[in-house]
Structure formats: structure tokens, C-alpha cells
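The S-adenosyl-L-homocysteine binding site annotation in Swiss-Prot covers Y16, C57, N62, D94, L95, S133, F134. What Swiss-Prot records for N172, D258, Y260, N261 is Mg(2+) binding site, and it gives similarity to another entry as the kind of evidence. Taken from Swiss-Prot, the feature site 'Involved in substrate discrimination' applies to H148, R220, E330.
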Amino acid sequence: MEQILSMNGGSGEQSYANNSIGQSTCLSRSMPVLKQAVLDSCCTNLPETVTMADLGCSSGPNTFYAVSEITSIIYKRCCQLGRSAPEFRVFLNDLPGNDFNTVFQSLPAYQGKLREENGPGFGPLYVAGVPGSFYGRLFPLKTLHFVHSSSSLHWLSQVPPELTDKANPLINKWKIFISKTSPPAVISSYLTQFRKDFSLFLKLRSEEVAPEGRMVLTFRGRTTADPTSDESCLLWDYLGQAFQDLVAEGLVEEERLDTYNTPYYEPHPEEIQAEIEKEGSFTLDRLEVIALPWDSVNGGIKDDRATTAKRMAKAIRAVNESMFRSHFGEDILDPLFHRFIEIMAADTKEVEHVSLVISLIRKA
């Protein structure tokens, strides 16, 4: 997974930078939770250098969003209190395939904008890239004061091993993710993998975050207890139908479809709370649900379903293309998403896009 998954880089038509309106909207909606966590931390004595990490930073207009908010809030609050503002050290993390070149090409303009908005006394701000999986250690012990992550933790570290066991694999016939036709063992394997990964994530960050340090994490989730509901699975079902069409036309082998499984899971709030309590290193300060409308990919513009389907196809492709290409090859991508658009446009179902935002405090 670490060597395969990456958002589409650059700034072209299929890039993540140009097809991440939904993620940007979700990030914006999570800001009240982030701002409160930062303000609460300002009630204590801040260190001379505040160190923060953004995990799953990707590339594009969303990359510096949270960092800008955190640093500006701290600086303005220190000015209000008559304190000396700290220096800032920022780590931007993503998998090695991330387009870090685009990120750092945009850095000078971003730093200039921060100084313009906050005044000449702001900073300095030092930024470094940290390629690697957040399911492994990334930073020295007790060095982080803030950790932020958005639209990343729904990705698993791997496909559940029960689905890839060559001796006796579980078969999720005709599907690429959990669905109503999935055997119970397939659904259980996804939950087990999520629990393992999320617990590991908390354990690793507990080693890196200083006592009383904060984490604000936003990721896709669900409000219904049933993990096979349309709320979690509808778009994946559309993709599954599109793949089935390609199999029928001889463009994809049936075995290739049956051996592809998406390393992804949308947890319920109770599943999140249970793992936080079980791991024990963090206090859950807040947990909120963000529900975006079905057509949020349009950026607030009311469009017909066919236009929405085209935008949704681009958004999904920008995120999943690297994995589809690795397993199925380059040639199936255009016909796959052409069929996805047709399937989605012909349907009438509408579901909200649900994310969970949690604010955590490292126990002393």
C-alpha cells in the first residue's frame, strides 16, 4: 500500500488539486473543532517553538489550510495576551508517492501570504516534508504539540489479510468494497483491520505527542450501525457495477475483479470511541459528525445529476487511480469512469457524505 496509494499529482484535469472540493469543504467544516483545540492549548505556557504535523497532507489548495489556521490562531492569541509569539516548526507527511514537489514549489507564496495576513512579527515558520506511512513511527519522542489529519485515516494500512490469503481467500464476489452481498466474514475482516490500524495509529502518536498535546482528526465515517448501508457503500457499488460491465465486455478478467479489494473503512462513532478507550493514551475531548450534501462535489452549485456524476467521477479517480492502475492496468481507466458516470446518472439515490471529526488530548 505504501508504495502504491497516492493522490493524482500536478495541476491537470485529473489531479487531486483540481478535484478535491469535497475534501476542502469537509476541512472547512472541521475548523471550529480545530480552532477550539488550539485556543484551549494557548491557556497554558507555550514552548518557544511549537511543533506540529499534518498527516496525509497531499498536494494542492488543501495542503496548508490547517497549518495556516493553527499558526495564525496561536500568533493572534499571543498578541492579545501580550506574550511573545513562538516560532513554528511544521512537518508535512504523506506517503512517498505524494507530489511533494508541487507542495514545496507553492511554499514561498504560502509563507508570504501568512506574513501579509498576520504582520511582520509573525514566525518564523520552518516547513519540512516527512514521507512515510502514519502506521509507522515518523517523529522523535514527545516532540509534537499539534497533530492534524483530514481525509486520510479511513485508508487502511493494507487490505484485510483474510481477503488476500492465497491458500483460502475470502471472495467478495463482483465487489471492490463492502456491500450488501458481502459475506459476513468479509465485513468482519474490514472492521478487524480498522481496529488494528486505528489502535496502532494512536499508540504511535502517543509516543510522538508531548503530554497535553492535541490531535484533531477528520475522516470518513458513518452514522448508521450497518456498515453495508448506502451511506457508506453506494459510490463503491456504482464502481463495482462499472467493473462488472468491463468484465462482461472482456476488458477485465473476472479473477482480477474478484481479487481487488479497497483498503478503506468508514467507522461508526462507537467504534472510534471504543478504540480510544481501549488504547488509553488520549482523552476524547470532542467527537462531531459532519454531513455534507450529496452534491457537495459541485462546490455549492446546483447542477443536474449527470453533471454531478461527471464531477464525482473525477473526484474518485483523483483518489483511486493509482490503485486501479496498479491492479488492472492503465487501459481500463477511461472506460471504467465512463461507465461509472452512466450508472450514477441513471440512478436516483442520494446520500450524505459523512465524516467524523475528533479532538484528542494526550494524557500526561
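Placement of Cβ uses the backbone N, Cα and C atoms for every residue, glycine included.
Distribution of Swiss-Prot features across the structure.
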residue: Y16; record: S-adenosyl-L-homocysteine binding site; contacts (Cβ under 8 Å, 6+ apart): M7, N8, G9, S58, S59, G60, A318, V319
residue: C57; record: S-adenosyl-L-homocysteine binding site; contacts (Cβ under 8 Å, 6+ apart): T63, L92, N93, D94, N98, V103
residue: H148; record: site 'Involved in substrate discrimination'; contacts (Cβ under 8 Å, 6+ apart): L34, M52, A53, D54, L55, A66, V67, I70, M215, V216, L217
residue: N172; record: Mg(2+) binding site; contacts (Cβ under 8 Å, 6+ apart): L163, I178, S179, S182, P183, V186, D258, N261
residue: E330; record: site 'Involved in substrate discrimination'; contacts (Cβ under 8 Å, 6+ apart): none
Rounded Cα distance in angstrom between Y260 (Mg(2+) binding site) and L95 (S-adenosyl-L-homocysteine binding site) is 21
Around the Cβ of L95 (S-adenosyl-L-homocysteine binding site), other Cβ atoms found within 10 Å total 21
Binding-site residues near R220 (site 'Involved in substrate discrimination'): from N62, L95, S133, F134, Cα within 10 Å gives none
Smallest number of other CB atoms within 10 Å: among the binding-site residues F134, Y260, that is Y260
Given the Mg(2+) site N172, D258, Y260, N261, its other Cβ neighbours within 8 Å of the Cβ centroid, in chain order, are L163, I171, K175, I176, L257, T259
In three-state DSSP terms, D258 (Mg(2+) binding site) is classed as helix
Of the binding-site residues listed (N62, S133, N261), the greatest number of other CB atoms within 10 A surrounds the CB of N261
